[in-house]
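Colleague: One structure coming up, written as structure tokens, with questions to follow.
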């Protein structure tokens, strides 16, 4: 077992992690940092109601909380006081799950060699979530109590209660599936951004470009999904070869355009009426 901040080399000797996270590592940390923010925004929107004027301020507060938590997490990580962090390179999936590789020399006594081989990618996420939770509990209840109008006393704190549920879920997700998320997160982003965009447009009955322009909120949601889609494409390509990878970003609006161009052909009422005429 190696002390925190070290991992074994080819000769099984503990060496201090002196490298820096590469671009993919930062993209992974960015994804894990975005998860609570996106969930905050979703539940604030879900529980704020159409008449509530407090939603925007709550969105801004959630962004502030997560941004400050991310900065503080980087500052308290080694080297302390700097936004840079030192790390060990991730070589394979098993690096994330050293607890599964404790040897049993005589098949009786287990030698515990568990340590953070992917320092600090595993534990830094837990530290970030802890700061997010503390900042939320310090700031959000006061804000909601002061500005939440148009909501009942029981409804105004529901977005905070939702966070008290999803933070433990995110923590368990990182503890159990951190390594899997590290390799799969670009594809998770792409799939979720496509599915949620289609669901939102369908629920909002958006069938043309004119329907998008009617409300600014729809455009904000559309551009947010485009940003997520671009993030997923960048994470997959890693932008190693700019001349090849940058043109892929032109595909970002493609799913939304495809939906808008084909929505009129898949309108349920139209399909039912044509089916009735056929019979």
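Placement of Cβ uses the backbone N, Cα and C atoms for every residue, glycine included.
What TrEMBL records for this protein is below:
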- 26-44: transmembrane segment (TRANSMEM)
- 56-76: transmembrane segment (TRANSMEM)
- 119-139: transmembrane segment (TRANSMEM)
- 160-181: transmembrane segment (TRANSMEM)
- 187-206: transmembrane segment (TRANSMEM)
- 218-234: transmembrane segment (TRANSMEM)
- 246-263: transmembrane segment (TRANSMEM)
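Describe the structural context of each listed feature in the structure shown, including burial, neighbouring residues and relevant distances.
Modeller: Only residues 6 or more beyond the boundaries of the transmembrane segment (56-76), in the same chain, are considered here, and those with a CB under 8 A from a CB of the stretch are 33, 36-37, 40-41, 44-45, 48, 82-85, 124, 127-128, 131-132, 135-136, 139-140, 143-144, 147, 159.
Long-range Cβ contacts of the transmembrane segment (160-181) within its own chain (Cβ-Cβ under 8 Å, at least 6 residues beyond either end) map to 28, 31-32, 35-36, 39-40, 43, 46-47, 93-97, 118, 121-122, 125-126, 129, 132-133, 136, 140-141, 144, 188.
Residues 31, 181, 212, 218, 221-222, 225, 228-229, 231-233, 235-236, 255-256, 259-260, 263 of the same chain lie 6 or more positions beyond the ends of the transmembrane segment (187-206) yet place their CB under 8 Å from a CB of it.
Outside the transmembrane segment (218-234), and at least 6 residues removed from its termini, the chain residues within Cβ reach (under 8 Å) are 27, 30-31, 186-187, 189-190, 192-194, 196-197, 200, 204, 206, 211-212, 245, 248-249, 251-253, 255-256.
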Colleague: Are there residues at least six beyond either end of the transmembrane segment (246-263) with Cβ under 8 Å to its Cβ atoms? List them, or say none.
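Modeller: Sequence-distant neighbours of the transmembrane segment (246-263): 194, 197-198, 201, 206-209, 212, 222, 225-226, 229-230, 233-234, 237, 239.
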